[in-house]
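Asks: Below: one structure in structure tokens.
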Amino acid sequence: MKGKKSVISRLNKLLVGELVAADQYFVHSRMYQEWGLQKLYERIDHERMDELEHADLLIRRILFLEGTPDISKRPGPNIGKDVPSMLKNDLDYELAVIAELKEVIAHCEGPKRTMTAAASCSTILEETEQDHTLWLEQQLGLIARMGLQNYIQSAAGDIAQGAS
């Protein structure tokens, strides 16, 4: 099915965003693992996998529309130096993705509808808003309420968990 170039271009922009988010989550998850923060490592590694699933969905949609996935204009991730900055950078990126997703959905639901692309983006938007963003906001809220040291202690998990 031949898709509109404007839709394919927007889907490619989203694809780049999902892959950069996956890269950022990948680095952050390994930093958490290195620091012994097992619970954060597991959650952020799960988020990385979600981003790769979103990228897969977008690639499949682009190919279905007879487009070519284009990740040539891929910026680098924004890697934090400590737990709060890492969570904040991840949240900032997710909020930017939400804005982009809403723009693409509005474009696809316009006068010349591309509803399958809109549906794909709506699925990603729902997961991003209700899972990723909410969780990151909760973590930053916990740090503000309980203090960084208490948060880090709770994020470490059991001592035996990190042993391999």
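Backbone N, Cα and C define each Cβ position, glycine as well.
Annotated Fe cation 1 binding site per Swiss-Prot: E18, E51, H54, E129, in sequence order. If you look up Swiss-Prot, you'll see E51, E94, E129, H132 marked as Fe cation 2 binding site, on the strength of sequence analysis. According to Swiss-Prot, the feature domain 'Ferritin-like diiron' maps to 1-147, an assignment based on sequence analysis.
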Asks: Counting other Cβ atoms within 10 Å of each Cβ, which of the binding-site residues H54, H132 scores lowest?
Replies: H132
Asks: Pull the DSSP breakdown for the domain 'Ferritin-like diiron' (1-147) and write it out as helix, strand, coil residue counts.
Replies: 115 helix, 0 strand, 32 coil
Asks: If you count Cβ atoms within 10 Å of the Cβ of E18 (Fe cation 1 binding site), leaving out that atom itself, what do you get?
Replies: 23
Asks: Here the binding-site residues are E51, E94; which one has the lowest number of other Cβ atoms no more than 10 Å from its Cβ?
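Replies: It is E94 that, of the binding-site residues E51, E94, has the fewest other Cβ atoms within 10 Å.
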Asks: Determine, to the nearest whole angstrom, how far the Cα atom of E51 (Fe cation 1 binding site) is from the Cα atom of H132 (Fe cation 2 binding site).
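Replies: Cα to Cα, E51 (Fe cation 1 binding site) and H132 (Fe cation 2 binding site) are separated by 10 Å.
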Asks: Across the domain 'Ferritin-like diiron' (1-147), what does the pLDDT come to on average, as a whole number?
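Replies: The average pLDDT of the model in the domain 'Ferritin-like diiron' (1-147) works out to 89.
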